[in-house]
Amino acid sequence: MLPPRSLLHAAVFALAALQALASDTFIAAVYEHAVILPDATDEPVSPDDALALMNKNMDVLEGAVKEAAQQGAHIIVTPEDGIYGWLFTRKTIYPYLEDIPDPAVDWIPCTDPTRFAPAPVQERLSCMARNNSIYVVANIGDKKPCNSSDPGCPSDGRYQYNTDIVFDSEGKLVARYHKDDPMQGSYGQKESRQVLDRSGIISRSTTAAERVLDTKHLRATFMILNGKEAVRVFHTRTTCLEEKLSLIKEPEAITFETPFGKFGIFTCFDILFREPAVVLVSELQVDTVLFPTAWMNVLPFLTAIEFHSAWAMGMGVNLLSANTHNIGLAMTGSGLFTPEGPVAYHYDSRTEEGRLLLAELSARPRLSPTYPPAVNWSLYATSIKKFPEKDTFSGAVRRDIFTFSELRHKAGNYTVCQGDLCCHLVYRMPNKSNDEVYVLGAFDGLHGSLIKYHWQICTLLKCQTTDLNTCGQPAETAQTKFEMFSLSGTFGTNYVFPEVLYSGVQLAPGEFEVLRDGRLKSKHGTSKPLLTATLFGRLYEKDLPNPLRTSP
């Protein structure tokens, strides 16, 4: 029989071992929320009215929090703009903002709500976390006063930030992140609007509600259908001094530790840039990224589930992505994504309903025996002789001019080059539909108008129609399945994100692999018709400086 001291040591060791085992995995949840929007207005509402609207959304979010906790979730992520929406100007968003302190103050708003200025939203979120013993991640607005001693201080004397906050299972504020989306600089725009009837004739002037429509997402000329009329919007970029939220002075890299791994957090389009996204993973070595987003789906490469899943695989981390749900603005697509692929995801462009997703994930994926090996993304493509380039032509994916080559046969080897990038494809599609056209495409250049950032893309892509002029335009459905494909490229970066998207905007978990030499390959053919197989590369070092942060 062991002596008492040995028994004590054994018991402590066993308890520690059990705790370590328990923390090897955790249950994560994300909630895609159909946000209840405020009425558009030219003047701010009262604080009481703003809180009433936010409480309506928090009623829904609290239901998701409770359901997730009842199913054993340790953490839940809710979307960007999930508490008050986006129908605001800088002035009209102000009643919805709260002053969010630095988490270093060690504050539990639920038990000490009067310690700082009134913060009913933070108090309620804190109580959601505390009462359900779950980490809660939410997105709200932060306000910070400033004065003339600060040369960057806005004329109204305050900074207004798009902000993610995290409360732990005791309700304590443990993280605060101010969004660094450089696209925020494009919120300030001069615009003119005309209301047209169905024949295209100008019929009247716009109403106040139409004039305030979603300044966050109006980034190009388009038409908003409204019964029998449409609003045609013309935009001219401005110097953006009146954007509704402020661009932070320097990017933040926010992390925090939990019993189930090290976490980082950022928001929406932050994912496209080196800071903070790559810094969190490559330098700060987080295990899991929390990702509230209000992501507008853009085919063929930037639908939410497609790119976010690819980013998690390319970066080798978990990504908990919670999107806003608004089908009128093409917002849907949430998921629990891992280095091995999606564990759970949701994409619904037809209904107006929210959705809760849960899954068990590895707490420290780098230590997992299934963690993917490192990839040399250009190894294969630079080691082979180029296949013949066949009848290439130029085509636009939005504003980016790709070099394309049509896949004219049911099987073959193709190469397409642009700039420093050559893309190689081997494929078989014996049952190709006669009314569909597929191309191999390459793009190596700067993307964007105001903010310019460098992409390298190799893509096997279905064209919208049999007209080659439609190659690169959005296509949501397909009929052709591939017996096999192998795609590779001479990438000049280690940051490459592998995408495979099926007809109906669906992912292909477990049906493709990335080899160590950089080839994206189907495993056993595609089980569903293919929209695109893409290697999406980012050359962060070739991005142009953000002009909104450049001194005049």
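Note: Cβ is positioned from N, Cα and C throughout, glycine not excepted.
TrEMBL annotations: computationally assigned, not manually curated.
Per TrEMBL, signal peptide is recorded for 1-22.
Under the heading domain 'CN hydrolase', TrEMBL lists 31-363.
The active site, proton acceptor feature in TrEMBL is assigned to E80. Every protein chain considered, the tally of other Cβ atoms within 10 Å of the Cβ of E80 (active site, proton acceptor) stands at 28.
Annotated active site, proton donor per TrEMBL: K179, in sequence order. Taking Cβ-Cβ distances under 8 Å and a sequence gap of 6 or more within the same chain, the neighbours of K179 (active site, proton donor) are Y161, N162, T163, D164, L245, I248, F266, T267, C268, D270.
Summarising the annotation, TrEMBL assigns active site, nucleophile to C268.
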Neighbour tally for C268 (active site, nucleophile), based on other Cβ positions within 10 Å of its Cβ:
27
